[in-house]
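Asker: First the structure, which I've put down as structure tokens, then a few questions once you've had a look.
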Amino acid sequence: MSESLRIIFAGTPDFAARHLDALLSSGHNVVGVFTQPDRPAGRGKKLMPSPVKVLAEEKGLPVFQPVSLRPQESQQLVADLQADVMVVVAYGLILPKAVLEMPRLGCINVHGSLLPRWRGAAPIQRSLWAGDAETGVTIMQMDVGLDTGDMLYKLSCPITAEDTSGTLYDKLAELGPQGLITTLKQLADGTAKPEVQDETLVTYAEKLSKEEARIDWSLSAAQLERCIRAFNPWPMSWLEIEGQPVKVWKASVIDTATNAAPGTILEANKQGIQVATGDGILNLLSLQPAGKKAMSAQDLLNSRREWFVPGNRLA
């Protein structure tokens with residue numbers, strides 16, 4: 001029974017906490033929890049515990065918060081727990097080879113893509129950005145590479161035309177625990193079937209930056225609309241008007257050809273703010289000026305119509 005495995009859990013954000021909660025709810029024996037050190041957050045920059053730490057302490061589990069797992073004393077914390085397996089979900093620290101080899105069954109990771117597609121830091125966002133039809137989670141055996149280990153279990157889900165990174169995150173946070181619990185059972189009873197990743201199918205999910213999220217009107221309307229969903233809720237697609245950043249929460253594509261230069265405002269009405277792109281027209285539907293709440297294009301036009309005069313070009 002997988003419930004008898006001695007499990008170390010390592011994770012930090014809410015996505016990881018949902019996996020820990022599922023393990024505990026299904027009766028698994030979690031002998032210790034590793035999470036990142038408390039970080040300053042909020043306006044007061046008060047030290048805040050991670051969601052994983054909060055849950056672990058609620059459940060009375062031993063919590064360890066090393067700054068790194070490279071020092072011998074940090075590695076000894078892992079060794080002393082004599083775990084059968086270490087489950088790693090969005091932990092945020094590198095596991096050295098010595099740590100990977102400590103548990104009897106090694107370390108397994110829940111990754112938010114269908115490997116080998118989208119190895120790396122931002123798999124959920126990149127699957128949307130690229131226009132993938134589906135994504136999912138992969139449970140893999142960890143090795144010293146970046147998401148290069150053998151795949152143990154996969155679950156997939158479709159990506160809809162309405163999905164944002166936020167909604168996709170929630171879907172994968174439901175799928176991941178299902179896959180994890182199944183994988184632990186297979187590891188415990190010896191039925192897991194590791195599958196080597198096909199290196200010819202590898203793509204990398206590079207980290208997002210605020211600068212990348214700045215709208216580049218030379219791109220196609222379809223690509224920009226995907227970017228707006230991929231970068232929601234962070235870092236948020238944005239444009240600059242009169243030196244102010246304006247976030248874009250929602251847009252749609254109008255498949256009409258235009259000879260106008262990319263960035264040219266074509267129409268601004270209750271249907272939205274229509275802007276020429278490198279290919280097609282992007283219709284801005286929901287925007288958020290600096291210091292304000294998100295609002296419909298119509299509401300923004302009521303107060304800032306001078307920003308969106310047809311014929312003007314957005315930077």
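Here the Cβ of each residue, glycine as well, is placed from N, Cα and C on the backbone.
From Swiss-Prot, for reference:
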{"type": "BINDING", "residues": "Ser113, Leu114, Leu115, Pro116", "note": "(6S)-5,6,7,8-tetrahydrofolate binding site"}
Asker: Where's the emptiest Cβ shell within 10 Å among the binding-site residues Leu114, Leu115?
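Answerer: Each of the binding-site residues Leu114, Leu115 was scored by Cβ atoms within 10 Å; lowest is Leu114.
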Asker: What are the other residues, in sequence order, whose C-beta lies within 8 angstroms of the center of the C-beta atoms of Ser113, Leu114, Leu115, Pro116 at the (6S)-5,6,7,8-tetrahydrofolate site?
Answerer: His111, Arg117, Trp118, Arg119, Pro123, Gly136, Thr138, Asp147, Met151, Lys154, Gln197
Asker: For Pro116 ((6S)-5,6,7,8-tetrahydrofolate binding site), list the number of other Cβ atoms lying within 10 Å of its Cβ atom.
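Answerer: The answer is 20 other Cβ atoms.
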Asker: By a simple count, how many Cβ atoms lie within 10 Å of the Cβ of Ser113 ((6S)-5,6,7,8-tetrahydrofolate binding site), its own Cβ left out?
Answerer: 25
